[in-house]
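A.B. asks: Copying in the features that Swiss-Prot gives for the protein in this structure:
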DOMAIN    2-242  domain 'ABC transporter'
BINDING   Gly32, Pro33, Ser34, Gly35, Cys36, Gly37, Lys38, Ser39  ATP binding site
Amino acid sequence: MCRDVNVYYGEKHAIQNVSLDVGHNEVIALIGPSGCGKSTFLRCLNRMNDTIVGCRVTGSIRLDGQDIYDGGLDVVPLRAQVGMVFQKPNPFPKSIYENVAYGPKIHGLANSKAELEEIVESSLRRAGLWDEVKDDLAKPGTSLSGGQQQRLCIARTIAVSPEVILMDEPCSALDPIATAKIEQLIDELRELYTIAIVTHSMQQAARVSQRTAYFHLGRLIEVGDTAQVFTNPRHPLTEDYITGRFG
């Protein structure tokens, strides 16, 4: 639940008074022209913007009733609870196994080697990658194809049992076949997680999301059921973007 969220980069007002609710076990797509603020807003949801010098966030973002911007909040467990999959696959310089096992190890989620192995296997299965790598778990994660690396990053994210998964253009560096696999995976993961995805592809937003939010110049212009946003947008700016009159 986000209320009156504003983001400043120095003097630049990048996100302006955005309020948005995200439902449990739904996929919400954030769309809009380049530079409209959708990725900046996404990064607010697990405080990734904290790493940017000069960035300031105001307003309220609540998860399980707690404002994630409370001064005393530890961001390490927050970023396990709200995982992130980036635009470019970024596996650790470790084996496939260690890429997935690393998070559960540092968060103390496994009490034995057998339990850790179970987490690794179940995470790779949920990411649709187990059958492709089960005999090569000792190989470097970087040895996989781009699409496999992105699914490995998704497995790494879900290995720490998040509630929410944030995806920032997860398919932009992938070919159509790899993209189709990721989209199918997103649909399957919705049964277990809430997902917010930034995408430049309106076709992808239409395929994978239940709701769509349209951003323009740092403002949330419209949010609604995906079918409604694409077929009967309420705001002229949304209609102009959907129909290709600008963007």
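A Cβ is built for glycine as well, from the same backbone N, Cα and C atoms used for every other residue.
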A.B. asks: Could you tell me which of these binding-site residues, Ser34, Ser39, has the greatest number of Cβ atoms within 10 Å of its own Cβ?
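C.D. replies: Its Cβ has the most other Cβ atoms within 10 Å: Ser39.
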A.B. asks: Looking at the binding-site residues Gly32, Pro33, Gly35, Gly37, which sits with the largest number of other Cβ atoms within 10 Å of its Cβ?
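C.D. replies: Result for the most crowded candidate: Gly32.
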A.B. asks: For Cys36 (ATP binding site), which residues of its chain lie six or more apart in sequence with Cβ-Cβ distance below 8 Å?
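C.D. replies: When sequence neighbours closer than 6 are ignored, Cys36 (ATP binding site) has Phe215, His216, Leu217, Gly218 within Cβ distance under 8 Å.
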A.B. asks: List, in sequence order, the same-chain residues at least six positions removed whose CB sits under 8 Å from that of Lys38 (ATP binding site)?
C.D. replies: Leu30, Ile31, Gly32, Val198, Ala213, Phe215
A.B. asks: Through the lens of DSSP with three states only, how would you label Lys38 (ATP binding site)?
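C.D. replies: For Lys38 (ATP binding site) - judged by DSSP and reduced to three states - the answer is helix.
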A.B. asks: Other than Gly32, Pro33, Ser34, Gly35, Cys36, Gly37, Lys38, Ser39, which residues of the same chain sit close to ATP? List them in sequence order, counting a residue when its Cβ is within 8 Å of the Cβ centroid of the site.
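C.D. replies: Here the nearby residues are Thr40, Phe215, His216.
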